[in-house]
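Chemist: Summarising the annotation, TrEMBL assigns active site to A:11, A:130.
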């Protein structure tokens, strides 16, 4: 049976993990390879490495980092941040990344999804969508959530699927950082509408929240960052907990 | 033992190389027909689209090289699909080692396409380690090979399909051993031990 996926997300700046905190079993939580390896050993199903570097200069270190990650980590991983062309993606996949996520550049130029999907296959194109509820409408935002667009979550996700995205990563900005649970209502609507997998993101605080994302939200995967980084929820315990509640999990 | 990975426009060559490195195995990556023919074992990786990949292989003459090999050959993901006779992915004639047609998954209810993530296997014949039945392997694919007499492991998604196959010197897996943690290492070790 296909299992639901638990995905820790690591933010990278200038080759280092941001928000890296106290880990007992790790020498350097700021080292993306070490932190990623730890999560892989703990049973993470995939990893996401998001380059939040502001400048192109900082970004140059990312491709070599991706290669280092691929060398040491034996589970699939997605990389994203600042990708805006076929030329940006090729070196990342060649370095050993399994998927790339695109966000602002796809909103600006939706044809990018078609181009990437044709060049590399739908399975490695993740369309990341950041949205927040404005006047009762889930409105797509870009540039790390700073800029509101005229796109709406559901129609943009559908368009992304039609243009060849292989997966949708939906982050509710209203829930991100609150630790009060995922945005279940839009999640369940997305999953009812789409034929491609959906990753839930934003709001994870407790183990129970993952049950809601999978059972009520029908998400295929759930992504979280700080609760894993700060150890509030530990991956082995989370997976045991979900398995005991009949959610299909890789042990 | 001389192990080679066939070099072509497959997306996972780097990842397969790293997986072999982690096992401490020596290998070469090559598209030289002579070097491939001389190897003791050959890995035929694959991530991409069927028709452009087959066109690339034909253009390089690698199609005839692969079908003429007598040593153990391991096809991975698209590599396994291309070992079949025909793929529904852009109606592509493939290598014809396994007399099967590669079909497209149709989404059904909550089950989406691609089949993406970790799934388990039931072994049906011999070359894979039994320990793999208690583990999960990582799949990413929209097309599948139906269960057939050469199926060595079955996975269920929408319908039962071939997760692994074996015929003569040709071995193949639909999932990605290079990304399947311990389960993947077991598969690579089984192939290397043949």
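Numbering starts at 1 and runs along the chain as it is shown here.
Every residue, even glycine, has its Cβ placed from backbone N, Cα and C.
Whatever TrEMBL says is automated annotation, not expert-curated.
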Chemist: What is the interatomic distance between the Cα atoms of residue A:11 (active site) and residue A:130 (active site), given in whole Å?
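Modeler: Computed Cα spacing between residue A:11 (active site) and residue A:130 (active site) is 16 Å.
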Chemist: Enumerate same-chain residues with a sequence separation of six or more from residue A:130 (active site) and a Cβ-Cβ distance below 8 A; give 'none' if the list is empty.
Modeler: A:103, A:140, A:141, A:142, A:144, A:145, A:171, A:173
Chemist: Tell me whether residue A:11 (active site) sits in a helix, a strand or coil according to DSSP.
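Modeler: DSSP assigns residue A:11 (active site) to strand.
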Chemist: If H, G and I count as helix, E and B as strand, and all else as coil, what does DSSP give for residue A:130 (active site)?
Modeler: strand
